[in-house]
Amino acid sequence: MPALIRARAACTGDTKKNKSNVTCIHLLLSVSGYLDDCTCDVETIDRFNNYRLFPRLQKLLESDYFRYYKVNLKRPCPFWNDISQCGRRDCAVKPCHSDEVPDGIKSASYKYSEEANSLIEECEQAERLGAVDESLSEETQKAVLQWTKHDDSSDNFCEADDIQSPDAEYVDLLLNPERYTGYKGPDAWKIWNVIYEENCFKPQTIKRPLNPLASGAGTSEENTFYSWLEGLCVEKRAFYRLISGLHASINVHLSARYLLQDTWLEKKWGHNITEFQQRFDGILTEGEGPRRLKNLYFLYLIELRALSKVLPFFERPDFQLFTGNKNQDEENKMLLLEILQEIKSFPLHFDENSFFAGDKKEAYKLKEDFRLHFRNISRIMDCVGCLKCRLWGKLQTQGLGTALKILFSEKLIANMPESGPSYEFHLTRQEIVSLFNAFGRISTSVTELENFRNLLQNIH
């Protein structure tokens, strides 16, 4: 492992005689202490996520309601035409056959009541309205058209995927896991470069450290970049950190589920320590790796806060995780509420009240810029050449966009009626599935960081 050897040598100078090498490497890769712009520390997040939240969250995400995600992977890239489609087998996505998806998910016309099952006209209306329906009460279904109008309003942070299109298909997320596909190099770098350079409020004169599409980046560029970043208002700085955290989380997944062996007999996926170090080691990345990981924790806190805020929406008796299996659906709703109650109990939540808190006119413009930049990033996901990467990119950006929508809808959530339709605040099934699966990805990343730390400690 050349990267590992270089890291050891840089740290101690002698890998054979110094028994503290393993500890040294561990320190190079570890991230600890308080996070910037937060009152929370890494250790509190690790304990909370890895031992209290992660196991139950994974169980929820394996249920039928959350494992099937409808997506259109054939939408054209709106920004450029020269997309090189990844031809590797691992880039492919296997969609579901129609009989594999529970009827309750495909058609929201089914309800747990005699009245609903007998109302044919209501069923036909629900079918016409399609997958936007999230399966609440009959009264709620009648409000779908109003919700659709609201979902197209200025409150949304993501470009809505056209799931009504004939090209949109259900995908079983458990059978199409996020992992290393071999999609890399200029095509992949171009996606992230456009995101960072054109959508993170950064002037072109400020160079990002270690930008693979730029030449000559070094210490002076790094100092200039971070001086610029620290000079930004808290909202724009948070925007950059969210994108960087998402990028880091994706790279943790690719390192943790790396193709280690590919023969005609079998494929073996697992942890690639060298790949992880090349992306996050403090020395090999010239200090960038630990910053990336801190941004991952920042992203975790933002989405955790959103989930704590949206609890009242899911607590309403009208809300159902509807698949058609009544007993299972009731059990999963109980599990979901337990998870959200656990999240609400987290002691060091991010305080979003500092966002957009200045002059009302300036705050409104800043929020609109924030929203439009993020919507643009959601559109860039249609330019990803690897279909599996596109699937998970679209899901995770929609999930983060939904989290932002929740954070900026606190008053609307507080004013929801206890029963019946909520006209002001609504989440579609697509938003719900992406919200929890996106957070599940970040939760997995935090858990995998502990796994990598343990693996590195065991290297002698």
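Cβ coordinates are placed from backbone N, Cα and C, and glycine is handled just like the others.
Per TrEMBL, C91 makes its disulfide bond with C86 among C77, C86.
Candidates considered were C383, C389; the recorded disulfide partner of C386 in TrEMBL is C389. Ranking the binding-site residues T181, S244 by C-beta neighbours within 10 Å puts S244 at the top. Distance from the CA of C386 (active site, nucleophile) to the CA of W192 (FAD binding site) is 14 Å.
The 10 Å shell around the Cβ of W192 (FAD binding site) contains 18 further Cβ atoms across the protein chains shown. With respect to Cβ neighbours within 10 Å, the recorded positions C86, C91, C386, C389 differ, and C91 shows the lowest count. Summarising the FAD site geometry, the residues cited as binding it (R179, T181, W192, S244, H247, R279) extend over a maximum Cα to Cα distance of 21 Å. Put simply, C389 is the one of the recorded positions C86, C91, C386, C389 whose Cα lies nearest to the Cα of S244 (FAD binding site).
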